[in-house]
């Protein structure tokens with residue numbers, strides 16, 4: 001199973017790239033983690049936010065390979081602790097499809113992305129900076145994998 005993070009935003013600071021790559025490298029070959037960056041729409045004083053969200057959503061959905069399970073990161077989504085995320089990872093593997101996880105921009109996700117989702121996940125009740133979410137996602141997914149593989153990374 002391949003896990004694909006599709007995130008709005010490009011040209012992240014070096015610390016974000018290094019943090020993400022640190023965890024991406026650790027994934028096993030049979031479960032690679034891939035990052036697809038979508039250009040954020042230009043936001044300004046008189047920006048049409050609804051139109052920007054629509055364009056970002058179209059680009060995100062176009063990046064999802066046909067047949068993939070779509071999981072959105074959204075505040076009202078399911079809240080999983082680490083063992084529950086490990087259970088989700090196992091369920092996704094058994095489903096036989098690759099997984100695309102959509103991370104919206106500053107205004108969140110387009111309605112079309114939410115409508116296309118098979119599942120919605122709330123990473124935290126906190127508002128997190130979008131660059132940091134990439135690292136938190138990579139680490140959380142790696143930790144969940146480590147539980148399923150009985151790897152010593154996760155400790156109770």
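Backbone N, Cα and C define each Cβ position, glycine as well.
Cβ neighbours of residue 124 (S-adenosyl-L-methionine binding site) (same chain, under 8 Å, six or more residues apart in sequence): none. Residues annotated as S-adenosyl-L-methionine binding site in Swiss-Prot, with sequence analysis given as evidence: 73, 104, 123, 124, 125, 126, 127, 128.
Following the DSSP three-state reduction, the secondary structure of residue 73 (S-adenosyl-L-methionine binding site) is strand.
Residue 126 (S-adenosyl-L-methionine binding site) has a Cβ environment of 6 other Cβ atoms inside 10 Å. Within 10 Å of the C-beta of residue 73 (S-adenosyl-L-methionine binding site) we count 23 further C-beta atoms, all protein chains included. Packing around residue 127 (S-adenosyl-L-methionine binding site) is summarised by its Cβ count: 6 other Cβ atoms lie within 10 angstroms of its Cβ, all protein chains included.
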